[in-house]
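S.K.: Let me begin by handing over the structure; questions about it come next.
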Amino acid sequence: WAHATHILCFCFLQMNANDCHDPPKYWTIHGLWPDRAEDCNRTWHFNVTEIKDLLSDMRHYWPDVLHSSLNRTHFWKHEWDKHGTCAATLEVLNSQKKYFGKALELYQRVDLNGCLLKSGIKPSSSYYKMTAIKEALTRFYGVTPKIQCLPPEEGEKAQTIGQIEFCFTKELQLINCVALKDESNPMQAHLKLGTAELSVCNETLPTYYPSEVQ
């Protein structure tokens, strides 16, 4: 747990039309990750029955936006196997029910959807300045999150906002997200939407905030 932090990341993604007829138009959870962790129990396999009490909220706030499996548990299994088994070194996260339940609790506490709305930042066909988005979030939360974007498509000038990470101490208090020296660390988020990969947003490019990421 470098910097005594872990990261709760909310992703705003569009479900592929083949996967879902009603893609979410709100920020959903990508995962809850320790920024660095070495003591991971990779033999602790995901068991959906351990989170059966959370399934309604999980399907709503933590949907699988990348896989079309019927039971929709592939994404949760991946997050548990890769990150949950490492986060479980903390007592507050040391079971599957605690790990997923705490992520849902933090999602409600941060309320990214409400914050952006209150700050006047809404999905729009016009562009925002990235600095304005970042300043609004920092003003609201008192800390600086990490905002990731899809780069401009060929012939376009604007990047598209796709993911926002909030950082917490091990006591689950919000702190500033700082760039890690080793950005290739396997605990960092690498997510492809189509052919493009999310990366830290360019401060100077106009920024598109759509109701659904294409």
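For all residues, glycine too, the Cβ spot is worked out from N, Cα and C.
Just so you know, TrEMBL annotations are computer predictions that nobody has curated.
Quick paste from TrEMBL:
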- 1-17: signal peptide (SIGNAL)
- His30: active site (ACT_SITE)
- Glu79: active site (ACT_SITE)
- His83: active site (ACT_SITE)
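Give me the lay of the land around each of these features.
M.R.: His30 (active site): 26 other CB atoms within 10 A of its CB, across all protein chains.
With a 10 A radius on its CB, Glu79 (active site) counts 23 other CB atoms from all the protein chains.
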